[in-house]
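A quick write-up on the structure given underneath.
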């Protein structure tokens, strides 16, 4: 894995405020859709703006940026509801197609479903590495998309505002522009599919907008920055049936995982505050664009690119993040096994009980049949005293047979449940075994990557270099460590790899033949133990300086301080190496 170059431009892995390589906070996933990442419609190669390409990332501040307490939509008079209002229950995404007057939604402000409440509780953390989330729903654009992207349905999700804000919305000043929230509902991409996810883990804020009454009783308008005008009606009851819209599917795998670098890129959200005399509590509303398959692929490519770049310069943090995720998955697998063990134990108990009941019923039937045989000689002699006994025995047998049939059906159902429970437990145990192996591999990799943060002694001889030493930094595996620098550093102890990096550039600055290859600020940089700047064409985003790369990854037992294993690369070449180019 990469040794990176310094830490000054790569810090923030454990911070919720520092930017990384021009990316979002922490892991590149903090701060929401508009996190100062520098990725916006202006520098997005696929265009931007609502309904015209992809516009993930970018903007300023958290959430949607902007917005103010008086930014409720429209003139407060029309309330055009020519489109059928999409019913929106708390926590359930609904499709709404823009009409001439914007999006029409009818929010059912009843109780939040237990499933959504449990997920929000699970996301209270604490979490490392910035923003984490749970993908609740998947989006199937082929069932939603329209020919005109401006008329494509939006996915609208709502939550009770007071459930996600740090302070009651009713207590906010009327001119309050934003409010801090604990969770947001955003879109993200994974495995080339767009998802609607709940995210949490870093400080976030969203605009507060005021809903304005219209001429239609009970209908309000509100404008979320960057989204179509909302025409909202609210009722305080929960729909009897909470079903997903066509094209939106429930994700059965609800693992808590790091949110993506482009999470929230096609989502605009806000807290909507209603007039006091309306009797309605404030609601949080999230509006996400439905991406076409091509747009999803483009965004997934961008997500993968940014993930690779981050991993290349943060190998220890990446390994720790993967270990934390593997451990969380193992914990969930253990819980799954425990649930299935409980189910299987109950199934066995019921199975044994039903079997005992069936055995008893069969014995009763057998006794009745034996009694029939005992009086069978009187069957054809109605005048005989035993004939009545024969009839009674037959009636007993008939009733016993009915009971056996019922007990057999109950036993069969119990046997099926036991079989299903056995299979479910076996599958859960197999999944746990896979998660155990994954957790072990992640722990091993973390232990190896963490070696760069531990003391070590420099080894290796390096290689002879000429007066154009760093010309090779942008080629193949990079430029070698000069042999005369290796002679200076060999057998010396270093606190960590950052310490080695600093001493390496200091020694380069002391070498007359090598130092004369640097001019101006770069000469000053290496004298201070800082990496020199690469040429503009070899820089990528916030990565501007030459970097040290381990030819054999540390995760594969490559020597951390083995100077035969260390190369000097440009940022651009370093990224390409880790992409396998």
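The backbone N, Cα and C atoms fix where each Cβ goes, and this holds for glycine too.
According to Swiss-Prot, the region 'Disordered' annotation covers 1-74, 242-269, 293-320, 421-488, 513-566. The compositional bias 'Polar residues' annotation in Swiss-Prot covers 242-251, 518-527. Here Swiss-Prot flags 296-320, 429-452, 464-475, 535-554 as compositional bias 'Basic and acidic residues'. Taken from Swiss-Prot, the feature Zn(2+) binding site covers 549, 574, 578, and the record attributes it to similarity to another entry.
Shown here: features listed in Swiss-Prot, placed on the structure.
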residue	record	CB count, 10 Å
549	Zn(2+) binding site	25
574	Zn(2+) binding site	30
578	Zn(2+) binding site	18
